[in-house]
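Enquirer: Heads up, here are the entries from Swiss-Prot:
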SIGNAL    1-31  signal peptide
CARBOHYD  ASN112  N-linked glycosylation site
CARBOHYD  ASN147  N-linked glycosylation site
CARBOHYD  ASN157  N-linked glycosylation site
CARBOHYD  ASN182  N-linked glycosylation site
CARBOHYD  ASN185  N-linked glycosylation site
DOMAIN    422-508  domain 'Disintegrin'
CARBOHYD  ASN450  N-linked glycosylation site
CARBOHYD  ASN649  N-linked glycosylation site
TOPO_DOM  728-903  topological domain 'Cytoplasmic'
REGION    753-790  region 'Disordered'
REGION    819-903  region 'Disordered'
COMPBIAS  847-856  compositional bias 'Pro residues'
Amino acid sequence: MAERPARRAPPARALLLALAGALLAPRAARGMSLWDQRGTYEVARASLLSKDPGIPGQSIPAKDHPDVLTVQLQLESRDLILSLERNEGLIANGFTETHYLQDGTDVSLTRNHTDHCYYHGHVQGDAASVVSLSTCSGLRGLIMFENKTYSLEPMKNTTDSYKLVPAESMTNIQGLCGSQHNKSNLTMEDVSPGTSQMRARRHKRETLKMTKYVELVIVADNREFQRQGKDLEKVKQRLIEIANHVDKFYRPLNIRIVLVGVEVWNDIDKCSISQDPFTSLHEFLDWRKIKLLPRKSHDNAQLISGVYFQGTTIGMAPIMSMCTAEQSGGVVMDHSDSPLGAAVTLAHELGHNFGMNHDTLERGCSCRMAAEKGGCIMNPSTGFPFPMVFSSCSRKDLEASLEKGMGMCLFNLPEVKQAFGGRKCGNGYVEEGEECDCGEPEECTNRCCNATTCTLKPDAVCAHGQCCEDCQLKPPGTACRGSSNSCDLPEFCTGTAPHCPANVYLHDGHPCQGVDGYCYNGICQTHEQQCVTLWGPGAKPAPGICFERVNSAGDPYGNCGKDSKSAFAKCELRDAKCGKIQCQGGASRPVIGTNAVSIETNIPQQEGGRILCRGTHVYLGDDMPDPGLVLAGTKCAEGKICLNRRCQNISVFGVHKCAMQCHGRGVCNNRKNCHCEAHWAPPFCDKFGFGGSTDSGPIRQADNQGLTVGILVSILCLLAAGFVVYLKRKTLMRLLFTHKKTTMEKLRCVHPSRTPSGPHLGQAHHTPGKGLLMNRAPHFNTPKDRHSLKCQNMDISRPLDARAVPQLQSPQRVLLPLHQTPRAPSGPARPLPASPAVRQAQGIRKPSPPQKPLPADPLSRTSRLTSALVRTPGQQEPGHRPAPIRPAPKHQVPRPSHNAYIK
């Protein structure tokens, strides 16, 4: 990429001293130290105190930097005792320093860093005080105590004298905001979908309590290298000192800044850095994505530039872009001789990456530092004294961003084999050779760790981590981090480590869960969501013709961003939905601040009428890009999302290829590994297991293994038994049914039973018999089965003594109820009497035995009789036994007609 040489600012231009956001620069003579122009200051003599009170104070060491320092500052009015401890967590393992040779070859060095010289601490006697200093070249940094802020810097031509400049003496240099603006007091929590809010709140407290780690790379451009006297080591130390201050600012938010690399463009700029901050920002972000990310893994990158940006801007960063490949970064103008100035600006721009908006009066933010003492870091208008704390609004904005899914990369604990400056028990980091580290013995509250030796106490398995409870590891499958949105994946304890696995989320391009969109960097962006953000509840995207007509103009109100010449770019037809967002409905005016302008466009239709398109032009400050543009990752067509203001196919992410390896039983995560369903095992979800992935741990707890195995064994046994039954089915059928009586056969046989009463005689067995026989197997109705009945002839032709056996119901009444059967002229008039004595009176005359035995299945008999009604004359009807009611006559009881059996 061609280099754009930095333009030298005129000598009369002042250093801009305010934070990011539109800030006015006070004018000062170039070349004079700002510290010489700020009015009164105190001269302090510094000495290093020894633990032995009898040893006099020593000078601050220039090369040897102990782990712990106690420094005495002797002032004219009082003495201050500073307790300092080296910031061991500032530098991660694998930290690199990169510079370039004259031919452009990059040189990356990984040093042992025995010259660690960056400290955090407090003023003795004031627990609320804050100290952030470096001792690389004398004492330099900030001191906050008794609600006052001081800046400490070495004096020239001396080794033990320092300037202690109070904040009050710096109020004559004040930056003003070039535009009174604010994104709004409407946070993202207010406009996110209700279901997502409820799911996010369940994990809100857990997320906020967890420590977040920003793996940061700081780059100095060529102009910054020149401003620091072309001293490579001086530039590197300055960048690390800036990171040390920023880490101190963010600690109250439970965020740690971990420096993974510094880079100095000591030969030429690697991308175009000009006085246009917008162009410089996007050039740097493009270089980061294409060049820096492939060779150095990190979460965020910030450029410290020696170029004076035009206008009032001293920094710029995209809003809520942390962890994204395209926009996680910012540019900062080094506007002060002290590294503290650039550190505050970097903290401000990093806040925008976190989703923090400017603090304004209309938001009603609470700040514990008064404006005359610096105020808060996200103030849009500030200057000396530098702000060093965050407001309540910033905390709320951060919480809302985390709930929405921003910052998926922040929950990964950086690898620390040996902290910056060497291993030390008591620094709070578990380093190589340590089992635990809970800090110094006087501050350790961990009952599982021995603070003196950094070893576990007896019977303790672990001491730290979300998967450690009561000094023991939680069982595998225990949830340790829930999903925060529709594109996030939960994490579970593995049972082998005390820390929760690194955060993972759905692969870019994967459809959102329950939302019409695609996941991108762990967030589901949609046009509808952005319309609600701009216009409030009830807003929705406008028809496609609005995007096409408005964004083809290439002006401030309809465009696809800016081109390399900082001119508004027209949108191609295919990219129209990736330009300025077009909405309908919602509030009468944008809800995102007083500087938001409504742009309404009416498009006539051929059939009559007009389509109203509502866009916005929002000026949120020089340090924030236009929020009215469609966000990266938003769905612009089926199978496509917006990337770099272009509507591109999701296949560029490789999501389909990745999903194929999961066999339809899981989804692909951002590390291109399968996250399997609960009963399938990673890595490919093709075997039974406990779900999850190799990155996030098992979904189900392993203590269910015994139950699962038992169920599987039972199923296998049942299958084996069923197979044996199938093979021996004929033998079993003969054994079960050849010598057994069916239920209806038992009804026909004479067995003891309850004597039926008169009123129920005709229906006692009607309904049960019918239901039973309807389910009977058809083969029981064959003639062979009918002839095999053993008790039927005895029951009909030779009845037992009625006095010994209770009266049974007549089987034919089950099939042929009297109320449905027409009576024959000579048939019996009444049913059998209830008293057995009646049958004794007719014992002289016996009815003729039936010509055929009764069938085995009386219910099926009806259909058989129906088909057999056509008979030869004189053929006797089978199965109907006359029911005598009086002494039988001498003649045979007439047979009923054929119609008597028709139903």
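Each Cβ is built from the backbone N, Cα and C atoms, and glycine gets one as well.
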Enquirer: I'd like the Cβ neighbour count for ASN450 (N-linked glycosylation site), meaning other Cβ atoms within 10 Å of its Cβ, all protein chains included.
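Expert: So the Cβ neighbour count for ASN450 (N-linked glycosylation site) comes to 19.
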Enquirer: Between ASN649 (N-linked glycosylation site) and ASN147 (N-linked glycosylation site), find the distance joining the two CA atoms and give it rounded to the nearest Å.
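Expert: With the alpha carbons as reference points, the distance is 55 Å.
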Enquirer: Over the span of the domain 'Disintegrin' (422-508), count residues by DSSP class, listing helix, strand and coil in order.
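Expert: Its residues fall into 0 helix, 16 strand, 71 coil.
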Enquirer: Taking every residue in the domain 'Disintegrin' (422-508), what is their average pLDDT?
Expert: 87
Enquirer: What does the structure give for the C-alpha distance between ASN450 (N-linked glycosylation site) and ASN147 (N-linked glycosylation site)? Integer Å is fine.
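Expert: That comes out at 36 Å between the alpha carbons.
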Enquirer: Round to the nearest Å and give the CA-to-CA distance linking ASN147 (N-linked glycosylation site) with ASN157 (N-linked glycosylation site).
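Expert: Cα of ASN147 (N-linked glycosylation site) to Cα of ASN157 (N-linked glycosylation site) measures 32 Å after rounding.
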Enquirer: Kindly assign ASN649 (N-linked glycosylation site) to one of the three DSSP-derived states: helix, strand or coil.
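Expert: Looking at the DSSP assignment, ASN649 (N-linked glycosylation site) belongs to a strand.
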Enquirer: Just to confirm: which same-chain residues, 6+ apart in sequence, have a Cβ under 8 Å from the Cβ of ASN157 (N-linked glycosylation site)?
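Expert: Spatial neighbours, sequence-distant, of ASN157 (N-linked glycosylation site): none.
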Enquirer: Across all chains shown, how many C-beta atoms besides its own are within 10 angstroms of the C-beta of ASN147 (N-linked glycosylation site)?
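Expert: Result for ASN147 (N-linked glycosylation site): 13 neighbouring Cβ atoms inside 10 Å.
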